Number of protein chains: 2
Amino acid sequence: MEEAAALLKQKGLKVTPQRLAILNLLRNTKEHPTAETIYKKLASDFPTMSLATVYKTLEVLKNIGLIQELNVGEGSFRYDANTNSHPHLVCLGCGKVEDLDESVLQNLIEEVKKHTDYKLVEQKLYFYGYCPACQKKLSN
Amino acid sequence: MEEAAALLKQKGLKVTPQRLAILNLLRNTKEHPTAETIYKKLASDFPTMSLATVYKTLEVLKNIGLIQELNVGEGSFRYDANTNSHPHLVCLGCGKVEDLDESVLQNLIEEVKKHTDYKLVEQKLYFYGYCPACQKKLSN
DNA sequence: CTATCTGCAAATGTTTTGCATGTCC
DNA sequence: GGACATGCAAAACATTTGCAGATAG
């Protein structure tokens, strides 16, 4: 059995088609979609699924650590199957959200540790700027 | 005249008691309050002020660069009269939000620049952990 | 005097909740 | 069969908007 299904069972949660579909969608995209986006993308395969189910499922998946919730500052959350709390790069031109390397993160954390007494647990890091394509558009 | 008042006028905006009160409150606290918190704190001095006015004022102050909006990931925004996009340190124990130095920020940005083609404009950086006081409580 | 603000109430958009029905195991 | 999930509609929030009356300049 797949580990996601196994993990759900182990927590006393049921393995439903909706849960697997949402998790797979997140695992197969680099887009960091919102609940609404996920709902629309799955509408053709699951015409009867409600938005409430998407939210409830995202909550469950988040709680068992299979996905993470991102807050880029847009008024709605985005979701990511990469659960490392890695830094994100948000393009102010086209709105896309990319990932930065785990190795970069380690260097950032080291720098912060030098300057604080806090015991660091996690972080949410968003860098905003213009991607190469949008830079080109702007200079035209 | 104070520079805040001057800046408002220069932008064709009016200098009202509500605007000054909200700005002063933000300047005299390190708490990074939410709109709701600001509203309650000013209720005694401005009993007739509405929450909508707080929001509209925060929007105005943000637009002219006198304050910044923070999104710590709580479902509501916090506001800060320190307009450097400096990193924040959030205590998971007591919920307080502290600032990290501008100098730390420069080092963090340098590190990210090494690893991306994006033209960086700003950033929102939140590190979560336990402050010294909360660490002590936990170890008891 | 007139453009801009304020305060109220209603609207909006996202997310959550309650509950009856359906489904996994 | 029984616990847990789903789907619907309604509720709950934070935030925004429209507009009539108030106020700054």
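If you go along the chain as it appears here, the first residue is 1 and each next one adds 1.
Placement of Cβ uses the backbone N, Cα and C atoms for every residue, glycine included.
Those TrEMBL annotations? Automatic predictions, nothing curated.
In TrEMBL this protein carries:
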type	residues	note
BINDING	A:Cys91, A:Cys94, A:Cys131, A:Cys134	Zn(2+) binding site
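Sequence-distant neighbours of A:Cys91 (Zn(2+) binding site): residues of the same chain at least 6 apart with a C-beta under 8 Å from its C-beta are A:Val97, A:Glu98, A:Gly129, A:Tyr130, A:Cys131, A:Cys134.
The sparsest Cβ neighbourhood within 10 Å, among the listed binding-site residues (A:Cys94, A:Cys131, A:Cys134), is found at A:Cys94.
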